[in-house]
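Novice: My questions will all concern the structure given below.
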Amino acid sequence: MARQQAPPWVHVALILFLLSLGGAIEIPMDLTQPPTITKQSVKDHIVDPRDNILIECEAKGNPAPSFHWTRNSRFFNIAKDPRVSMRRRSGTLVIDFRSGGRPEEYEGEYQCFARNKFGTALSNRIRLQVSKSPLWPKENLDPVVVQEGAPLTLQCNPPPGLPSPVIFWMSSSMEPITQDKRVSQGHNGDLYFSNVMLQDMQTDYSCNARFHFTHTIQQKNPFTLKVLTTRGVAERTPSFMYPQGTSSSQMVLRGMDLLLECIASGVPTPDIAWYKKGGDLPSDKAKFENFNKALRITNVSEEDSGEYFCLASNKMGSIRHTISVRVKAAPYWLDEPKNLILAPGEDGRLVCRANGNPKPTVQWLVNGDPLQSAPPNPNREVAGDTIIFRDTQISSRAVYQCNTSNEHGYLLANAFVSVLDVPPRMLSPRNQLIRVILYNRTRLDCPFFGSPIPTLRWFKNGQGSNLDGGNYHVYENGSLEIKMIRKEDQGIYTCVATNILGKAENQVRLEVKDPTRIYRMPEDQVAKRGTTVQLECRVKHDPSLKLTVSWLKDDEPLYIGNRMKKEDDSLTIFGVAERDQGSYTCMASTELDQDLAKAYLTVLADQATPTNRLAALPKGRPDRPRDLELTDLAERSVRLTWIPGDDNNSPITDYVVQFEEDQFQPGVWHDHSKFPGSVNSAVLHLSPYVNYQFRVIAVNEVGSSHPSLPSERYRTSGAPPESNPSDVKGEGTRKNNMEITWTPMNATSAFGPNLRYIVKWRRRETRETWNNVTVWGSRYVVGQTPVYVPYEIRVQAENDFGKGPEPETVIGYSGEDLPSAPRRFRVRQPNLETINLEWDHPEHPNGILIGYTLRYVPFNGTKLGKQMVENFSPNQTKFSVQRADPVSRYRFSLSARTQVGSGEAATEESPTPPNEATPTAAPPTLPPTTVGTTGLVSSTDATALAATSEATTVPIIPTVVPTTVATTIATTTTTTAAATTTTTTESPPTTTTGTKIHETAPDEQSIWNVTVLPNSKWANITWKHNFRPGTDFVVEYIDSNHTKKTVPVKAQAQPIQLTDLFPGMTYTLRVYSRDNEGISSTVITFMTSTAYTNNQTDIATQGWFIGLMCAIALLVLILLIVCFIKRSRGGKYPVREKKDVPLGPEDPKEEDGSFDYSDEDNKPLQGSQTSLDGTIKQQESDDSLVDYGEGGEGQFNEDGSFIGQYTVRKDKEETEGNESSEATSPVNAIYSLA
């Protein structure tokens, strides 16, 4: 079992100690007083150009002060500038750029003046600068050729930002460059290779600059190395790469950090060592960085000046470089002037003492004007850094400024002189009740005011002498501290403030309560599985306080299940199981204090029945040890001896020595040490300033004995603390604070009375002065902090004997807030199945990013699907969604998460799929024409491709956005009384026109409006971008066979023509930046036209044509039958008898023996097809009636009409004159019949 001390934070009375115990007395605000500056911007005020400018200046006074400003030492007329305004009841300037304007126009030095009728207070001179993050100069870097083993420096040369950027090196694939003593980054940002190795070619090297205000990172073009190898690398003595030469000098300001750097080359890689001439390095402030190549000395003081040298050595030799360090100092306060409150006729003085190097000058001002130009005052005398006031009168009220400066900086302090005649008055509520636990420390407050400053005295129960000294201490502000509360300290305390004008008093009633104590603690137990265990916890407490008893298991709240029973003084566990094993803590608490006691329960598995006689004997816990004796008394040790008790058939395995002290935690026993069961005497090491009392507990396998009777007491002398509190943390509980906590030191580490903690903090990397406060508890809350910024924290222990060692610096963070929305949320759709999401980290994380939450829902028109949620790690910036169907779109909402919660969401929708349409009016009907192919592809995430030319009725569905597709198809349907004809038409390839998409140019660097004008073997490409001039691009395209080709494009070289394309091939294309492939256009798809425009389908396979031929065949058959019938009746055809009539010149066909049908019925067939536009000739005829003649040739006129003659070869000898060959041609028969 063990007793634990209650954490100090549960003692409500100790909260009073968080207040300051000293300090100047302030004038109540209901009394007239000059102005006092309460808040102002820092001297070097750097602002973000994207935000409105805020220059703070707040002051208090009675009457309330008015404000005005100067800029560059001239009056700043706020009323004349519409962008500038002043906050109400404040002097804070707000410069608004929402209506335009350049922040750089307002750079300069500003100073605020707060004035009322009693004087004028001044702010510091605030230098306003606008943050700058210029772009990196564009440069093309050739490969660096270097010999293996040679030194190499890759220069960064970042753009000069304000403030200076943070430099780091990475590869172009964003992998950090591994650094060691051979390869490392210097303080100037350059990357140094002490000797180049072949493995250094495996990556490239890119310098990156991170700018603080804009939260942007700029990347330089990467260096690539080409290492020339040799048979063997020659070993070389060291030589310095930085700094050059054998000596250099450096100046540093007091209070800043001194950074000395030495980087050397050589083979093998040299080691660096640091020394100081004539002395040792300051071990408490010196730190080695960058693999011993840098020496940092923090918080430099004058004694750190001198000569330092670095020694670079390898097995081939060594060299040294000497650095002469000079320490200068901006002014710092030795005695800062304080407000002076005087009664009429009193004397006083203002003191302004500062030091620096060089020695600063002191200038006095009164109400903002030089003291030399102020009206003479016979009651005032200036003596260098002191102003003496004698026989002060009401007219002497004013605000004085002390300005001390040298070439490295300045200090400005305001201190007013207020002349008042005020009798004493109390500023706190009357008759307060303070309750405190016995033996604790407490403080009674009594704030007061008066002029002349009253004297304050404390009395107890209205009688006796003034309380001061011994157990009491009165502070300057009137607080009475009682170092250790006893029962007799209970009563009524009266504070009395007195001056020549009268007196005032107030009372505080103090009640002393008994501490809460567990007098019968739970004991360690060993139990078999299935048995019942009872843990006792009997408590004694003050009856006027409400007691609460609770249990913990393994330091977590215990759930009381069905197998457990909790009573006022015990905890019973029925049917013990293995899961019940662990530590059990009884916690008894009231509203003022608490007490803890812990015991450990061990659960044994079932054991076999003992087979020997000794094992069968009952075992029990050992009896308590007795007759404790202290010998060999020393300042930090003592020997304790005891007599063991009976082991009760189970050998004693351990002895636990416990101690109790009567000052910090009287009555509470703590474990001191543990010894084997074979010893009964041990030397105990002790701590200073502890009044020890010891006891011993014996332990065997059954359990622990009762504690022995305590030994006599032994007190050790005091000393300063030798350690500091542990587990120091700085965490925000709200977005505008930081709570500093630590584990308080116990009695054995206090080493002296009045243990307290000096808490220091400051913003990290700002080099501002440390803030500090003295705390008696274990926490302190810093208020008014920015959101999630790092702080350096130190907590140092101190007692009445002195301070502890210099504490380590711990990094803490102020409170977090909700993050801003992820930046550049991009939705791309490379194909119909996948949607790719990409985003950048929020511009303002406002804390530690713990991940991202993506919510997305499919929708089709007004119909919504089921919402889905994805959570990502904080490092993930990409995600792919597999589409469930090609029709639905998706709406995405992405937000970042900190420990506070999810921040603002960025929302986007997936692009419009190619088959999603909005109904529109039908297009005008086009005339029948031959089918052609054309294409115009514009930047869109959907694949807009339609290459179908079937002769079916296809409704036209135009896309929602004005885009063009690879193949433009128009389908028209014409209905007549005889038949219905459906004609599919397309524009010819020579008319490659279309509607261009006008997209909005994004804010970030991007590529958009990619337009493709394709032909059969080439395509023209154009695009838009917002890159700087001179940026190179790459056009990447992939054909249907997955062959990828890229074309580098020099800046401003648009349009680009792709000349190696194949007719009728489908291509995907994108354009990206040559410097950053991650910045790319959306992927688009287009198709080249075929080599010929005749793209008709086979007419012989068409149903209408087959039907027409069948009808013609049937008609011919009927006509043949009619012909045979007429012939059998003797009918003749009107054919000229060529034998009887001589040939004339009008018979050109006589020689070939053909017949000439010259009658009017034998005319060319009508209805022949024409070309598409009347200019392009038909290459072939699929349905010409020439195909059905017997040996004739046909031609077409320019208008497309048939001009051929049907001819039939005449037999060499006609057997029948009337049975001419025209009967062998069914077509001729048709015309003859007609």
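Even glycines carry a Cβ here, placed using N, Cα and C.
Taken from TrEMBL, the feature compositional bias 'Pro residues' applies to 911-927. Summarising the annotation, TrEMBL assigns compositional bias 'Low complexity' to 976-995. Summarising the annotation, TrEMBL assigns compositional bias 'Acidic residues' to 1148-1159. Annotation source TrEMBL lists compositional bias 'Polar residues' at 1165-1178. The domain 'Ig-like' annotation in TrEMBL covers 35-131, 137-224, 238-326, 331-418, 423-511, 515-597. Residues or ranges marked as domain 'Fibronectin type-III' in TrEMBL: 624-719, 721-817, 821-916, 1001-1093. Annotation source TrEMBL lists region 'Disordered' at 704-734, 896-936, 976-996, 1135-1234. Among the features that TrEMBL reports, signal peptide is placed at 1-24. Per TrEMBL, the feature transmembrane segment maps to 1104-1125.
Describe each of these features in terms of where it is and what it packs against.
Specialist: Averaged over the domain 'Ig-like' (238-326), the predicted model reaches a pLDDT of 93.
In terms of DSSP secondary structure, the domain 'Fibronectin type-III' (1001-1093) contains 0 helix, 44 strand, 49 coil.
With DSSP states grouped into helix (H, G, I), strand (E, B) and coil, the region 'Disordered' (704-734) comes out at 0 helix, 9 strand, 22 coil.
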Novice: What counts of helix, strand and coil residues does DSSP assign across the domain 'Fibronectin type-III' (821-916)?
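Specialist: Its residues fall into 0 helix, 52 strand, 44 coil.
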Novice: Give the one range among 35-131, 238-326, 515-597 whose Cβ atoms make the most pairs under 8 Å with those of the domain 'Ig-like' (137-224).
Specialist: 238-326
Novice: Taking 35-131, 331-418, 423-511, 515-597 as candidates, which has the most Cβ pairs under 8 Å with the domain 'Fibronectin type-III' (721-817)?
Specialist: 423-511
Novice: Summarise the domain 'Ig-like' (423-511) as counts of helix, strand and coil residues per DSSP.
Specialist: 3 helix, 50 strand, 36 coil
Novice: Of the residues in the domain 'Ig-like' (238-326), how many are helix, strand and coil by DSSP?
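Specialist: The domain 'Ig-like' (238-326) comes out at 3 helix, 55 strand, 31 coil.
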Novice: Tell me the residue counts in helix, strand and coil for the domain 'Ig-like' (137-224), as DSSP assigns them.
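Specialist: So the domain 'Ig-like' (137-224) is made up of 5 helix, 32 strand, 51 coil.
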